[in-house]
Amino acid sequence: MSALRILVPVKRVIDYAVKPRVNKAGTGIETAGVKHSMNPFDELSVEEAVRIREKKRAPGGVEDITVISAGPAKAQEVLRTAMAMGADRAIHVDVKEGEDLEPLGVAKLLKAATAEHQSNLVILGKQSIDDDANQTGQMLAALLGWGQATQASKVEFGADDSVSVTREVDGGVETLKAKLPMVITTDLRLNEPRYASLPNIMKAKKKPMEKKTLADYSIANDKRLKVLKVEEPAPRQGGGKVEDVGGLVGKLKELGAI
Amino acid sequence: IRPAITVAARSVRLSASLRHQLSTLAILEHRDGQLNAGSLSALTAAQKLGGPVHGFVAGGDATTAAQAAAKLEGVEKIISVNNSAYDKGLPENFAPLLVENIKKGGYTHVVSVHSAFGKNLMPRVAALLDLQQISDITAVQNENTFVRPIYAGNAIATVESSDPIKIITVRGSAFPAAVTESGSAAVEEGVDPKAESATEWVSEELTKSDRPDLATANRVVSGGRGLKSKEEFDRLMVPLADSLGAAIGASRAAVDSGFADNSLQVGQTGKVVAPQLYIAVGISGAIQHLAGMKDSKVIASINKDADAPIFQVSDVGLVGDLFEEVPKLTEQLKK
């Protein structure tokens with residue numbers, strides 16, 4: 001059984017609790033001065049990687065957990081958070097604010113990073129809560145020619161590099177069996193991410209953070225999608241309140257809903 | 001001025017030639033030969049692109065599914081691949097299968113619904129063809145330009161793709177399902193590259209229910225944390241759903257607390273629904289829940305907190321104790 005070398009990509013996004021505002025020019029979302037944090041699905045990926053090691057779930061053990069993020073200098077903050085949660089090292093790939101890679105570009109970057117770090121397991125969030133694309137993990141698996149298990153709610157390791165993954169599908173769950181190397185994307189039910197403790201935050205400051213550029217991985221940021229405009233959705237007007245169930249039923253009849 | 005004219009002329013020429021060749025492959029999901037209602041929305045979206053539309057089915061029961069698909073409105077041809085290796089929709093072999101059939105058919109657009117199957121499969125297809133997929137679109141503006149929600153539906157982006165083939169997933173609730181007609185499209189056998197899958201399907205556990213499918217139901221009643229326990233959730237929500245012939249949904253809080261199955265979750269990370277009627281019971285209305293239901297035609301809510309955000313999007317709201325109000329509502333609806 002090979003030892004696990006886990007790569008965990010993380011993304012810095014606007015905090016999930018913040019209501020995003022469209023910028024005045026209608027070209028994107030206002031990000032300046034807005035609270036950012038690690039994409040919630042990526043927290044689950046980091047947590048899972050760390051738990052696999054802590055609970056000794058993989059017969060071959062965990063040799064390394066590397067976190068990687070492509071983004072502006074502030075992406076280093078989420079990488080530090082991931083290291084405070086238990087990752088060993090981080091790679092920050094510098095990409096200017098507003099020049100984010102598309103999922104295909106990220107997948108190409110990650111392919112190069114898996115080769116560099118000899119990763120045999122990549123755990124990604126199933127989607128980022130800003131772009132909501134739900135693509136990167138699947139694209140990475142395709143480029144590597146590896147098996148994929150998306151929307152994972154349970155991951156178990158067996159003998160001979162076998163991995164069994166329960167995934168959330170429409171109408172229930174299904175279980176797949178795959179072999180390393182593979183790509184897994186996380187669903188919310190996978191685990192509950194820990195809070196990094198202060199001592200671990202301090203320790204994380206000493207963990208290695210490599211700084212790279214797209215050129216180091218021979219990746220060009222060629223965009224295939226052009227954002228023509230970003231707008232607020234049509235506002236929905238609340239229709240007011242009623243006194244009792246009779247009023248509720250009456251209003252629903254009036255609206256033609258029942 | 002001159003370069004601008006040249007560029008404009010070229011783009012006109014390009015779009016004219018694309019229009020000429022535009023053709024779309026719509027991926028049709030099926031289970032045991034029965035077409036999936038959600039994927040019929042993909043067919044409607046495909047028709048909005050303007051060119052001829054072919055449907056694609058694969059699996060051990062592909063012949064049955066192809067016969068059903070051939071009767072659908074607006075489909076010119078069905079490409080069918082009969083091989084039980086595709087029954088479980090494993091992307092490791094399904095993606096190469098699609099790639100070969102896309103190449104053979106020379107399609108400019110490939111459309112699937114943004115279901116668990118479509119989400120799993122289509123990005124793999126896109127990457128194999130070096131294309132940037134466009135996910136979860138809610139509108140087609142033209143053959144290159146699409147509208148999609150971002151940030152949990154808090155913003156709507158219009159994006160233009162420069163890829164030679166557009167790989168698209170569509171939001172099922174944003175397009176009506178294609179209807180069955182008596183017509184009969186030609187059924188053609190597709191190519192089968194017989195790729196091996198690196199993963200193996202082991203088992204599944206599906207929630208059995210006679211209720212309408214949550215994603216496509218006309219009416220949905222949804223429960224949240226306010227229901228307090230699984231027993232109360234079942235005791236109150238099931239009769240309410242029965243009185244309306246509605247599907248049952250749940251907020252993430254209710255799912256996380258074990259009141260309802262994961263597959264019933266409505267929201268950014270669960271299902272996106274847009275029924276005629278959505279009744280939210282004991283749901284506060286967090287951003288991520290609203291992302292999954294705010295396009296419902298009529299929203300009604302019952303919550304004891306008069307300031308709950310759910311009331312801001314509700315057409316009708318009732319402030320009250322759900323344990324008293326829901327049984328009363330069920331009673332009145334039964335009459």
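Placed from the backbone N, Cα and C atoms, the Cβ positions cover glycine too.
Annotations in TrEMBL come from automatic prediction, not curation.
Annotated in TrEMBL:
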BINDING   B:R225, B:251-252, B:265-269, B:282-289, B:N303  FAD binding site
DOMAIN    B:24-205  domain 'Electron transfer flavoprotein alpha/beta-subunit N-terminal'
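Recorded features from TrEMBL, shown on the structure.
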residue	record	contacts (Cβ under 8 Å, 6+ apart)
B:R225	FAD binding site	B:S251, B:A253, B:A254, B:S257, B:G282, B:I283, B:S284
B:Q265	FAD binding site	B:G249, B:A250, B:S251, B:R252, B:V255, B:K271, B:G292
B:Q268	FAD binding site	B:A152, B:G153, B:I287, B:Q288, B:A291, B:G292
B:A286	FAD binding site	B:S251, B:R252, B:P309
B:H289	FAD binding site	B:G224, B:S251, B:R252, B:V266, B:G267, B:I283
Remark   = Averaged over the domain 'Electron transfer flavoprotein alpha/beta-subunit N-terminal' (B:24-205), the pLDDT of the predicted model comes to 96
Listed binding-site residues (B:R225, B:Q268, B:I283, B:H289) that sit near chain A [CB under 8 A] = B:Q268
Remark   = Reading the DSSP string in three states, the entry for B:A286 (FAD binding site) is coil
Query = What is the total of other Cβ atoms whose distance to the Cβ of B:I283 (FAD binding site) is within 10 Å?
reply = 31
